[in-house]
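Here's what Swiss-Prot has on this protein:
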type: ACT_SITE; residues: 468; note: active site, proton acceptor
type: COMPBIAS; residues: 649-662; note: compositional bias 'Low complexity'
type: COMPBIAS; residues: 663-674; note: compositional bias 'Basic and acidic residues'
type: DOMAIN; residues: 344-625; note: domain 'Protein kinase'
type: CARBOHYD; residues: 124; note: N-linked glycosylation site
type: CARBOHYD; residues: 181; note: N-linked glycosylation site
type: CARBOHYD; residues: 185; note: N-linked glycosylation site
type: CARBOHYD; residues: 204; note: N-linked glycosylation site
type: CARBOHYD; residues: 225; note: N-linked glycosylation site
type: REGION; residues: 25-258; note: region 'Legume-lectin like'
type: REGION; residues: 649-674; note: region 'Disordered'
type: TOPO_DOM; residues: 23-286; note: topological domain 'Extracellular'
type: TOPO_DOM; residues: 308-674; note: topological domain 'Cytoplasmic'
C-alpha cells in the first residue's frame, strides 16, 4: 500500500521539476516547488500549493533557498548562464513592503552572519564591499536606502560583493506595442517575470508582467567579468529575501536555469501555483474589537489574579501518603528544593539525564545539590520507585554519585544527589572546549569506576545491575575523581539469585549481544564497562558514522590495530606523548577481553579490579582469540521501544549536564520488551 502511494505521489509531482546535466551544461526547471531539491533556511518554507515563501509576515526576518548541490561551471570555458523566474512581492496590509528579493550566486550557502533589512539577508555591515565575499546578486528592492545611493523604492540592481549596486534602474520593461519603457510596480502583489542572462562578459537583466513576453531590450546591460568575482567554479544558485520594519510576503512561483546560452527547459505558466492575497481586517471587526477589548482585558486580569492566588496556594503543595512514613528521614520538602533552585529557573538548568531535567540547587549551610524532576504515574509503581530510591541511598562508595533523598508532588518525583562541579566525563573526552584529561587522570577514573562496579555486583547488600555504563553517566567531582551516576536503568536482586528483568535496556554500542535473549546480568555490565574502557583510552564513541568504514566500530578497529602490532595507534591523539604505553595497552586489551561476545569468557569485576591495579596479569589471549574484536550491535525495531515507569526504572540525577544531551551523535538510552 505504501509503495503504491509513493508511486502515485511521484507521478503526480514529477511535472514540478526537471533536471538535466551533461559534461558541458546544467539546466533545471521548477514549475512550482513541490520537491526537496532546495536547501532552505531562515524563514524560507514550502507551502502546500507549491509556492516557495522566502520571508514570513514578521519584522526583521530573512530566508534563503538554494539548490542543494553546487553547480560546476566549467573552468575550461567562460562563465555563462541564463535564468528565468517568476516572483511576487505582496505587502502585508498596513505596511509599505519589505526589503525585496535577490537572485544570488555564491560559493557558499552559509549566510548565518548576514543581516536582514537593507542588507537583503546576504550582506552585513562589516563585509560590505569586501572582495572576499565572492557574491553576485540581482536585487528587486522595494525600500529606498539613501546610504546605498538608491534613488527610489522600486528598482532593480546588480550587486557585486556589496549592497551598493554597480548599476540600477527603476523597475520597468520595454513594451513592443508602446515602443517605450513601461513602469512596473514590484510591490503590486502580482507575478513578475525576471530574466538574468550572462554570456560573453555581458550581463543583461529584464523584467516584465506575467502576461508579457520577454522584452527585446533589457532593463540593465553591463559589461563585467564575473569570473574575477569567484575564486572557484563550483557555485550555488538560489534566492534570498529579507524584511525590516516594513513587511512583505516574498513568493517564488517558478524557476528555470541553464549554464547554456539558451534555456533548454522553459517555465510552464499553466503549472505555476496561485499567489494568495492577504485580507485586510474589516473596519467593523476592528471597531467591535476596540469596544470589546476593555471587557476582554478585565476578564483576563481577573483570571490572572485568580490564577496567581491559586498558584501561590498550591506552590509548595506536596503529595504524602501513609505508606511513605517509613521513608520520612529521606524526604526533602518541596519548598526547600524550590527555593534552592530559584524556582527551577533556567539559569540553574544543568541538562537532561534519563527521564528528567536536572537543576543545580543551593541548600542552607553551603550545601550544593543536583535536583532531577521525573514524571510518574501509578501508586503501586511509585511505591516500588521510592523503595528503590531509598535502597539506592544506602549504597556507600567513594566512586558513586551519592543520592541524598527525594520529594514527591502530584505527577512528579524529585531526586536529590550531590553536585559534581566538573560535569560528565564525556564532556572532557569529546568536547573541544573542555580541558583534555591526562592519561594518569583517565587511568585513576577507570580504576575508580571498576571499583564502584565491583562494589555494586559483590559488596552491596543486594546485587545492583547498573545497565547503562558509559562516559556520559560518569561524573567528575572537584578532584576529577570518577563517580558512577544516573541509575535510571538499575535493577536490584539478592545475591545468588537472578535479576527478574522483563525488559532489555541500555545504550546502542554498549549493550551486550546476549542482552535480548538472556536478559541483564553482572556480565552484561562487564561488557558495557569494556566499551567504556576503550572509549576513555581512544577518545572515541563506540559507534561513529562520520569516519572511515574501518574505524566506524570502536571494538573492531582496536582489534585490527592489535593485529597489525600497532595497538597504540588507537589511543586518543589528544594524549600526545604524555602516557604510559604499558597502561594504555593494558586498558585496551582489557576492553577487548570484557567485550568478548562469548559471555563466559568475560572476567568478573573483581578480576577487572585486579588487572587494572597490576595485582593480576591478563590471561593469555590474542586478537585472533574466539569472540575477541567482534561487534554485534543490538538493533531493535523502533515500534517496540518503551520507557516504563511501572517496571521500576528510575534515574538518580547526574550532578551536571551530560553531553549526551548536548551531542547529537551520542546515543540515548533505549528500553524495549524482550
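Just so you know, glycine gets a Cβ as well, placed from its N, Cα and C.
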Report summary line: The recorded positions listed are 181, 185, 204, 225, 468; by CA-CA distance, the one closest to residue 124 (N-linked glycosylation site) is 225
Report summary line: Reading the DSSP string in three states, the entry for residue 185 (N-linked glycosylation site) is coil
Report summary line: What DSSP gives for residue 204 (N-linked glycosylation site), in three states, is strand
**Report entry** Which of 124, 185, 225, the listed glycosylation sites, has fewest other Cβ atoms within 10 Å
**Finding:** 225
